[in-house]
Amino acid sequence: MIKTVILVKLALLAVALLYLYSLWHREPDVDDAWIGEHAYWLAEKGYVKSELMHGITNQQERNIVHHKLFTLNGALFITLFGFSLWTLKSVSLMWLVIFTIVFFITIRRKEGSPAAWFAMLLMAVNAFIFQYSFVYRPEIMVMTLGFISWLLLDQYLQNRSSPALIFSGLFAGLAAAAHLNGLIFIMAGGLLLVWNRKLFPAIIFGLSVLPSLSVYFFDFSREYGFSYWLYQLNDAPALHKSSILPHSLSFFGKIFREHMRFFHSPAEISQSLLLLFCLVLGYPFLKQKKDLLRYFMILVISLSMVAVHTTSKYMLMYMPFIIYIITITFSHIFNEREKDLKLLRGIKAGTACPWAVALLMIYFSIGLIRNVQISVRKFDPEMYAGLTEKYMGTRQDTVRVIAPMEFIFNEIDDFERIQGDLSFADMQKAGHDLYGKSFLKMADSLGIHYLLLSDHYLEKFGLNGFTAADFRSVGFTVSGKEENLQIIKNEEP
């Protein structure tokens, strides 16, 4: 056992070093810019808007559909450390550190030190934690707050501690205030209490949610209130007409599509197969932790109803429970492999152990491959500065551009407006004719001076086959091409 723990710690150290290397100049995710701009304007003006999404649901004036508590956290970091890609990414990194400490202490206390180190390795290799713990997205924050809510709820169920029940509700409310998908922790907490025939505590839990959940409404006003929020939520192309809104009850059907979240790619499939293996074979001893299994099941079902998409990154919200379940089962199988411990249907631990190790190795291999790919992709924050100086001069404070979303990093203070290329793709989703000359005419009507478009967006907007004469016919010229970006100038904006 001691030798195995040492091997686990060495493997954990190796993955930790890879993770540290990945932090250096890690390339931006589109959400670093998309969600990060919300925090920038909150710190800059005291309210949230979006120039990147200019023209979509009036976001250039005011945006109240954002991840409220997470945006406040980002704005605080910007106020303290200035606006940069590193500042924004560090918000999720801070929450990862908090979660790691809480999770390790929890597993060590409940399952022992060897199991805790194994859980740390599972977490470190996990492709989604590796990636999104250094992306400015709220999932890691929600995961942490939700897990703390569960710990407090479990404490209440064990010893009837009223403060634990109240604080469990408070943390569940904070999770929902950070991302509305965090509502799953409110649903899971309340339903688990009802399942345990604790109706009055369920009411107390629900009331405890309200003070922290109210943070979500901090930027509502008479002018920008609930009806404006519904308008932005209903009409946002990125949300694809969410079926969770009041005008539809079809979200119940999403339960039967939830399996897609678990089987998108090799990273999800390897994790899901390992989880299913552990749930099935480990049920004889997992059932002793019935509240854990019930809570996890409610989280999965709740997310299927609440979430707009079946994207895999939302699994992060209940990732601690996946890792916990795998840890419990694998520890039992490994520790009892030479004994007669029987699993489901009389299968012995010694028989199951090679299969468990094989699935674990697949999970590790796929996770490491993806993590290495993330680590080696680097971003030069000075790239855009040199490009803009070359084509637009040293003063850009009156210049309006259409550019990649990440263009805002180190450039947002230097331009009158930076509108994201993604915003026009979203307008296309909404039915706008933004193809070929129609796209250029739209850019001209918005007073855009320059377009910096990648090959992907040149094709998406129907410009990849344009000749110089085609551009001139609508008042544009091609200035050059650098860093996979074609620079197109509006001669008379």
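Cβ coordinates are placed from backbone N, Cα and C, and glycine is handled just like the others.
Values in this document were obtained by computation on a predicted structure and should not be read as measured data.
As annotated by TrEMBL, domain 'Glycosyltransferase RgtA/B/C/D-like' applies to 75-207. The annotation transmembrane segment is assigned in TrEMBL to 6-24, 92-108, 115-134, 164-193, 199-218, 269-286, 292-308, 315-334, 346-369.
Note on the domain 'Glycosyltransferase RgtA/B/C/D-like' (75-207): DSSP counts are 116 helix, 0 strand, 17 coil. Within the same chain, the transmembrane segment (115-134) stays apart from the transmembrane segment (164-193): fewer than three Cβ pairs sit under 8 Å, each pair at least 6 residues apart.
Contact check: the transmembrane segment (292-308) against the transmembrane segment (92-108) gives fewer than three Cβ pairs closer than 8 Å, residues 6 or more apart, which falls short of the contact criterion. Segment contact is absent for the transmembrane segment (92-108) and the transmembrane segment (269-286), given fewer than three CB pairs below 8 angstroms at sequence separation of 6 or more. Using the rule of three or more Cβ pairs under 8 Å, pairs at least 6 apart in sequence, the transmembrane segment (346-369) is in contact with the transmembrane segment (269-286).
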